[in-house]
Amino acid sequence: MLKYILKRFLIMLVTLWVIISLTFILMVSIPGSPFNSDQSSNETIRANLEAHYNLDQPYHIQYFLYLKSIATFDFGPSIKQPNQSVNDLLSRGFPISFELGILTIIVAVISGIILGILAALRHNGVIDYLAMGIAVLGISIPNFILATLLIQQVAVTWGLLPTATWSSPAHMILPIAALATGPMAIIARLTRSTMLEVLTQDYIKMAKAKGLSPWKIVFKHALRNALMPVITIMGTLLAGILTGTFVIEQIFAIPGMGKYFVESINQRDYPVIMGTTVFYSAFLIIMLFLVDIAYGIIDPRIKFHRKGGE
Amino acid sequence: MEKILEVTNLQVTFTTYGGTVKAVRGVDFHLNKGETLAIVGESGCGKSVTSNAIMRLIPNPPGKITAGSIVFKGKDLAKYSEKRMRSIRGVDISMIFQDPMTALNPTLTIGTQLMEGLISHHGVSSKEAKKKAIEMMDLVGISNPEERLKQYPHQFSGGMRQRIVIAIALICEPDLLIADEPTTALDVTIQAQILELFEKIQAATGVSIILITHDLGVVAKIADRIAVMYAGKIIETGTKREIFYKPQHPYTQGLLNSVPRLDLKGEKLIPIDGTPPDLFSPPAGCPFTARCPFAMEVCDKVYPASKELTESHQVNCWLQDERAKQLLTAVPLSK
Amino acid sequence: MKATKDGKAMHSPSQIPDEWFKWKEKDEGAAEIVSRPSLSYWKDAWRRLLKNKLAMLGLVFLVILAIMAIFGPILSPYEVNQQDLPNQYQPPSEEHWFGTDNAGRDVFTRTWYGARISLFVGLMAALIDVTIGIIWGGISGYKGGRTDNVMMRIIEILYGLPYLLVVILLLVVLGPSLSTIIIALTVTGWVGMARIVRGQVLQIKNYEFVLASKSFGTRSSRIIRKNLLPNTMGPIIVQMTLTVPSAIFAEAFLSFIGLGIQSPFASWGVMANDSLGAILSGNWWTLFFPAFFISFTMFAFNVLGDGLQDALDPKLRK
Ligand SMILES: Nc1ncnc2c1ncn2[C@@H]1O[C@H](COP(=O)(O)OP(=O)(O)O)[C@@H](O)[C@H]1O
Ligand code: SF4
Ligand SMILES: [Mg+2]
């Protein structure tokens, strides 16, 4: 088990290093970026940049100092707004994005699992077709389109919920719904298919032969095993939700990090783009690592293989 | 002798896309208290379906018990509600499955899986359940039970897992144990150990056993009586002695010829040619006709009635008819 | 003389005529194992796919879409970027079947242009993925040992990179255009395909009949064509089918965050993004058509991919 964690940890470090180095290489190679020209007229910004990126130094020194600054959680300044750093933006925007993301995951996981179980237990029944119909639509309709549809119908036409901002629970419903539907659909389909497979396993038959109640069989014996694959795709889902926040925050005018990020893309505010990308990548890569470890802990077989094998 | 189980005219079908599979087509047998009945037959002949039907574990859909009665201790299980049936399963009747590698839940500890039946049926405290679990582990021959209860299935070998499965089946002290090919997936040496364990358990608890197998070698060791099954029907029943030394049905004879036997050293093993009939549209007559060396015109047309040779020995074969016996003596056996 | 339904005898032996008691003529081969004439793998898979109504719906939609992407713009009298400001936001009518947008451009014409771009991006991404994936996964799986180890480590690292973030980063640097979007989508996109190919290659290596054919000197190209390729192509085809919608989604997503394909092209993503404001003022058609086609195309590829998976999976073959 320890060996497994160590191996995953090393891979995580290398992945982090790759993405950080990539941003550096891209930054110094962008034609017309602040690093290669004097377009930025503002003196403060110029000074900030030079101070942060050590532009007077040779590239390899720049690179090392860049690695160091990231290791100390300093993601650099902005070139469009003086006295504004990526860290400022993050401390303002990330908590909101994080809230949106966490709520979305909770909603997606709970509803997806419930939908998947219902579909599997009523295999080929009406509920199954209904649930899988919803799931296929959920996978096919991009979140930004769903978001606009929801605004159009629920907020504008019916006037049930507010359209924009992040100021009350009512404001949160539509963005979360728009963002959670896709992951929910994926989880529902996965839960259903693994659940169907698990239900044919001998140990389920054995549990039935013990005279256990259907409730116990489903929740104690089947669900545990059916949810293993769901854990493995959590990393991918997380990445999808995170990038989803970019568009959802833009559409719903939510003042989160995603909105700032998209603004920085539109303004070609390179240091903010790079800093945010590094921050988000690191966040995701660490999450991926944690998911891997969680999987190792939850599935007893992995523990054993790592201990017994190798 | 007291009958603990009597199955009469049991019929089970499966509705599939390809048509209706008549997996069990009118099976009759009984089991006396404390004895071991072996049900023997080629793979696919309906043994598992029969045993699942007794437990009322036929998945519906696609399966259905279309006729018959399953009288257990005087009550017809075929008429039980699912809820009532649940109080029978694991408590009065237990079941052991073929593959111990897949019969245990990989994500739960052995202890949990051992104790849960006891706890849910008898509502005992987990401390009592644990005591009983350790007792059972001892009975099935697993050393260091206290420690091993905390382990997961993958930490045990196949033979050990099958012992655990047996312990799980016995923990509520059932009257009837159905073992569906309990040794098929195991190595030969381990097979012998598991069979010995069955004998030991029967001696200790007096449990009645239905032993399902396709291997007559397994039967020779521990069965009291044997029922031979073919294409969804039982075609010959008798004591172990009768089946091994006076087999009457050509299929039973064929089975015996295809099994290595200690008492007939040096004889050639003759496998039975051909395959069993399609159960989508089983023949109206004797299902063995296409493979039977003694097949007569009548066999194709009409299913032979059961003939009682002794009180314990019954066979369904037209060769028992007087006219067939004349035919046998008239034509020297060239077959 | 009838047997009951379950074949139980309903007559006593005495009712049976004596002449039935004679040996049955053995019809030769009756007891032989009748082997089912094995359809070829592809025919079999195709037959199963035809039975899958949802997958067929997807396939038919995609065929029609492809035809319209080619001929749609020809059917229309308007140019794709032909502006007509006085006729801005015309609802669907006889002149403009799908209405007009904020610049008075014909949505019908632009929709089929969008189909060209979306399908092109999706198919190119899938094609490049599969090419790199087959080369990388093939070498990795075939060589095995040290090479495999190193190549797999690289894949593991790339797999950990957040896909869309890398794409965004590359596009910021390269500048968004049709070719750079395709490049960005495939820079790390091929990794999933390489994994699958490697798995399939390893499976091939393990197949006993490969060894058997070697020792018996059967022409191995025939064996590979007949037995191996069908079994290994299945998962690769399915993966390709599922790459297309994710590329189409990515393209639309990029349009939304300002990294979309620049004019004069009109991708569905750009069209939808341009219409975001319009929908609030009631001009639903400007969003509806691109949104519908993005969603339905993704739907079609998804159900087709699912259908192919079921149809091609040899494990389910009975
Ligand atoms: N769930 C099912 N669906 C369809 N057919 C089934 C099902 N279970 C069993 N059968 C059919 O019933 C017949 C008997 O199977 P089984 O009892 O498992 O044979 P065995 O004697 O080897 O245990 C087989 O022909 C099989 O195809
Ligand atoms: S009934 Fe006829 S076919 Fe069947 S076993 Fe007896 S002799 Fe053979
Ligand atoms: Mg069986």
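Just so you know, glycine gets a Cβ as well, placed from its N, Cα and C.
The shown structure was predicted, so the numbers you read here are calculated from the model rather than taken from an experiment.
Taken from TrEMBL as is:
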DOMAIN    A:94-291  domain 'ABC transmembrane type-1'
TRANSMEM  A:9-30  transmembrane segment
TRANSMEM  A:100-122  transmembrane segment
TRANSMEM  A:129-152  transmembrane segment
TRANSMEM  A:172-191  transmembrane segment
TRANSMEM  A:226-252  transmembrane segment
TRANSMEM  A:272-298  transmembrane segment
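Sequence-distant contacts of the transmembrane segment (A:272-298) (same chain, six or more residues past either end, CB-CB distance under 8 Å): 1, 4-5, 8-9, 12, 15-16, 19-20, 23, 26-27, 70, 75-76, 78-80, 86, 89-90, 228, 231-232, 234-235, 238-239, 242, 257, 260-261, 264-265, 306. Counting residues 6+ beyond its ends, the transmembrane segment (A:226-252) has Cβ neighbours under 8 Å at 96-97, 100-101, 104-105, 108-109, 112-113, 116-117, 120, 143-144, 147-148, 151, 163-166, 171, 174-175, 178-179, 182-183, 186-187, 190-191, 194-195, 197-198, 258-259, 261-262, 280, 283-284, 287-288, 291-292, 294-295, 298-299 in the same chain. Remote same-chain residues near the transmembrane segment (A:100-122) are listed as 128, 131-132, 134-135, 166, 172, 175-177, 179-181, 183-193, 195-196, 199, 218, 223, 226-227, 230, 237-238, 241-242, 244-245, 248-249, 254, 256 (criterion: CB distance under 8 Å, separation of at least six residues from the stretch ends).
Remote same-chain partners of the transmembrane segment (A:129-152), defined as residues 6 or more beyond its termini with a Cβ less than 8 Å from a stretch Cβ, comprise 115-116, 118-119, 163, 174-175, 177-179, 181-182, 184-186, 188-189, 192, 244, 247-248, 251-252.
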